[in-house]
Amino acid sequence: MDNASVSIVTEFVFVGFPQLHDGGLLYFFPLLFIYIFIISGNLMICFAVRMDTRLHNPMYNFISLFSFLEIWYTTATIPKMLSNLISKQKTISFIGCLLQMYFFHSLGNTDGVLLTVMAIDRYVAICKPLHYPTIMTSRLCAQLSAGSCIFGFIILLPEIVWISTLPFCGPNLIHQIFCDFTPLLNLSCTDASVILVQDVIHALVIIIAALVISLSYIRIIFVILGIPSAEGRKKAFSTCAAHIAVFLLFFGSVSLMYLRFSATYTPFWDTAIALMFSVLAPIFNPIIYSLRNKDMKEAINKLLCSQKVFALSEK
């Protein structure tokens, strides 16, 4: 290939957004409201866990970290989506596209690893309750949290570096609402079989993680069903019900997005699935953790009441 035709693309254009005169503002305000809700809801969970000493244990520390990651996970894509809805130039630079893809998927990978850690934590707590304090120490909790973040951000670096070396010689239209692997690789002047190999690797990672978490929760459910008292079963199940709900929501949306292989959807369904994966799934996480957990509800109410008292004392 002639070097003059290689890597001439310096920016990409998103084609999955409506024009301003076609109702872009009608999508802008609901998306802005959702983004504010996600940020405020997850921040509330983080502060509630930090402020309430009753929640200073591994399970809530993991929930707090997960909520913190969700803030940045949505921030990697939604602000750019909002900008594209109200601007005529729906473009992103080549470097900006790589950075968005890196942070979005690194944070998503970290969420997936952390959900695995949370499943193992619940497994030890319910299946081996007498050994839980000695196994899940504060030191191990910190190591698992740090390890999840380090692994999530390092594992994607080689792939992003490799993509940055590929030739992009046009067209530059991304048929998606954010930068993603397959839409971007479809624009590169390279062998299409590379995309299939990458899809298979991603699929294997998703399936293995989902399998580990599923086996943990299946074992947990069997142990809970074996508890003699109804009150004991209810209490044990309440400690992991929110985790199961978030796991199903997260991996359900991930599976729809990335376990399709050669299957193609219409632009409408492509955009709808991308929105569910990047926007709708994160909005339910603070709702699930705040409404399904009695201790978390009490901590949030306590936090809100203390803020009201502080506001009144300043008047």
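From the backbone N, Cα and C atoms, a Cβ is placed for every residue, glycine too.
Model, not experiment: these values are computed from the prediction.
So that you can see what the record holds, here are the features copied from TrEMBL:
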- 25-48: transmembrane segment (TRANSMEM)
- 41-289: domain 'G-protein coupled receptors family 1 profile' (DOMAIN)
- 60-82: transmembrane segment (TRANSMEM)
- 102-120: transmembrane segment (TRANSMEM)
- 140-163: transmembrane segment (TRANSMEM)
- 200-225: transmembrane segment (TRANSMEM)
- 237-259: transmembrane segment (TRANSMEM)
- 271-291: transmembrane segment (TRANSMEM)
Contact between the transmembrane segment (200-225) and the transmembrane segment (102-120) (3 or more Cβ pairs under 8 Å, separation 6+): yes
Beyond the flanks of the transmembrane segment (102-120) by at least 6 residues, Cβ under 8 Å: 59, 62-63, 65-66, 69-70, 72-73, 76-77, 144-145, 147-149, 151-153, 155-157, 160, 178-179, 181, 206, 209, 212-213, 216-217, 243, 246-247, 250-251, 254, 278
The transmembrane segment (25-48) vs the transmembrane segment (237-259): 3 or more CB pairs under 8 Å: no
Leading contact stretch, 60-82, 237-259, 271-291 vs the transmembrane segment (140-163) - CB distance under 8 Å: 60-82
